[in-house]
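Participant: A single structure is presented below for examination.
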Amino acid sequence: MYNIQDHVVIITGSSSGIGLAASTLALASGAKVFGIDISNSPTSVTANPNYTFFAADLSHPESAKKAIAACIAAYGNRIDGLLNIAGVMDLNQSADTVTDDMWDRCIAINLTAPVKLMREVIPIMRLRGKGSIVNVGSKASMSGAVSGIAYTASKHGLVGATKNVAWRFKHEGIRCNIVCPGGVAATGIRDGVDSTQFDSEALEMMSVIHQAHASDHAKGLGLQPEDLAHSLLYFLSDLSKGISGAVIPVDNAWSTI
């Protein structure tokens, strides 16, 4: 399906939502997938001999280093692709209400962990003279009107990190892009979020933006994790050769407002 036969691909957030859909599609395309998640290994892919699972809390400082060491132990000193999908939401907390814990967790998982994983895989990709990294952003990567300050800052930061990596390693065969989904059903990103704790005033301010996109689902036009998986695999593969440093909305035109 995609030209990634026998490629070693690391996928974070692999146990649910977009991460699981991407893992399933990558395996179907012949890749060897190293899945990372804080949740249990997904039963739908665990039995596949080309799937290796590593349990990790990406907010821990050493998790990226340990994960890549485990990947090398499983598949050797080869990493062709990295999909940084794992992420956490905030509670729409504003600059005047955000807690230290919420800020620290969003930055740690949504920004610091992807950067640390890139730091670990890029030297391996440089040795091979080739590699592809796809980070997953959000509508909040390009707007200040859809989420809280912690999530928004983390996703804006990931855009900057993506562009920096793309330019720095453009002559070494390493590409880096960021796909920004919006309005995807059942992503798992809200798991563990207590909806009763949302900043109601901030949520009300942003409701007009949310409602504009919610109409897609009512009309049967909402995106599913599998839709995002195809976009991610396209940009991971050589089908998108020459595309690097790009910020790609996959949100059925939500990014136009």
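Glycine is no exception: its Cβ is also placed from the backbone N, Cα and C atoms.
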Participant: Which range is it, out of 7-29, 53-75, 99-121, that shows up in Swiss-Prot as transmembrane segment?
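Facilitator: When 7-29, 53-75, 99-121 are checked in Swiss-Prot, transmembrane segment belongs to 7-29.
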Participant: For the NADP(+) binding residues given in the record (I11, D57, R119, Y151, K155, V184), what is the largest pairwise C-alpha separation in angstrom?
Facilitator: 29
Participant: Could you check the glycosylation sites N50, N92, N110 and say which one's CB has the most other CB atoms within 10 Å?
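Facilitator: Answer by Cβ density within 10 Å: N110.
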Participant: Distance check, please: Cα of K155 (active site, lowers pKa of active site Tyr) against Cα of R119 (NADP(+) binding site), rounded to an integer number of angstrom.
Facilitator: 18
Participant: If you measure Y151 (active site, proton acceptor) to N110 (N-linked glycosylation site) at Cα, how many Å is it?
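Facilitator: Answer for this pair: 8 Å between alpha carbons.
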Participant: Minimum Cβ neighbour count within 10 Å among the binding-site residues I11, V184: which residue?
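Facilitator: Selected from the binding-site residues I11, V184 on minimum Cβ neighbours within 10 Å: V184.
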